[in-house]
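Below is one structure; the comments refer to it alone.
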Ligand SMILES: Cc1cc2nc3c(=O)[nH]c(=O)nc-3n(C[C@H](O)[C@H](O)[C@H](O)COP(=O)(O)OP(=O)(O)OC[C@H]3O[C@@H](n4cnc5c(N)ncnc54)[C@H](O)[C@@H]3O)c2cc1C
């Protein structure tokens, strides 16, 4: 074991939406910051490479195996690289709605209240939208929360066929809105280009180590603080020391790391006196709908439209149903490997078509419904193995959303050649994972306090999607980013 002789003010583990953003926020303090990232730098895919090969390779599924509750192994769809999952995300940057922070009755149970409210997050949402260059337009969606400032950039225009659908859906009486998207000079904004790279370039106090997988946290003898971060780099073990340790490994890996760091003082795992570490895993109920059209499209356009008319329910079903957005040009999604399921459905329907042709004659719709926190949906570790026990709930609400949207598509697009839902997103799709170390005021019912510091250890924080007590139905990244900025402000005060 090599003991690093430098001492850091802050050690951040992971560089995704949470860790990358926090690195950006803390860099100007001049404090000595070490960032440990298990992945390397991901090469940007050239559009020349778009084709089948990328799709077939299952790129962006992590090379390691996790196990489901039946003990079956799978490769999780998660990206280990500088920028984490923001390197492969779709850049949709949505705020949670005001009511999402309150207790909400769903058909299958209660989505719990947050210890902080929308107004507490609002200034950080504004900061996050500026930082990640959100392009959007307020005012079209009745569920949209209040804003202190307009979007920093005007919305990305719809491709003409999406504009047509949007117009028809409006005439039908719904309220399609521009999907807020983070776009920079080189495409979608991510936490490498926005957070980590500028932090390293503009300051000499931030050290990034890539290929650095944290395997265990060691505490002092009383167990009150984390003393050292054990990390594998090139097959060698290192110990890094710092005043403040921040985990931002993603909700599943942060929980697993805490559980793997069990010791005499923390026999159930670090920060786990509540027995809640790893529990309440949520990941959204998701379905993709493929809509075939006679006219070809470019296949490479952005997601630009969303519909929230069923978000809180409707006159026939008074419980929340969820959120709908277009999946973007399907070729575009092939690049980011999100849509192979869509294309495998299309391939069966139109045998003989190449993937590229299929993609150009298809539109995708992405439907997501809130799943409710259930302590039995959880991450556990046994030896070196990571298990996910996840049983979907709130399923009827999702089915109803699916039914409603198919009805709308049928009623508004008479030319459509078919509408094909592809449901039951499998266990390996953990794109919207959250909730495994929920925050709150009560150490018995939460893992983190409202500053995302663990109740049990004074210098240990978790700043990724783990902190969510519930996950709303909108996509999570902007809330993770806003929270990292919020916690960053707290840490800046603490570091003074
Ligand atoms: C295909 C896809 C599309 C998506 N589209 C959207 C979207 O449009 N809008 C949206 O809001 N959300 C979207 N998401 C979800 C969004 O990307 C995630 O919610 C967000 O990135 C999670 O941020 P995080 O900080 O919690 O974790 P991550 O971004 O997953 O970052 C975790 C980081 O920790 C590193 N790490 C893990 N374990 C260790 C370890 N032991 N040691 C060192 N480093 C470690 C990882 O390599 C990674 O860099 C999408 C996700 C996917 C996969």
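The backbone N, Cα and C atoms fix where each Cβ goes, and this holds for glycine too.
It is 183-202, from the ranges 103-122, 163-182, 183-202, 203-222, that TrEMBL records as region 'Disordered'. According to TrEMBL, the feature region 'Disordered' maps to residues 135-160, out of the candidate ranges 135-160, 239-264, 265-290, 291-316.
Mean per-residue pLDDT, taken over the domain 'Glucose-methanol-choline oxidoreductase N-terminal' (80-285), amounts to 97. Under DSSP, the residues of the region 'Disordered' (183-202) split into helix, strand and coil as follows: 12 helix, 4 strand, 4 coil.
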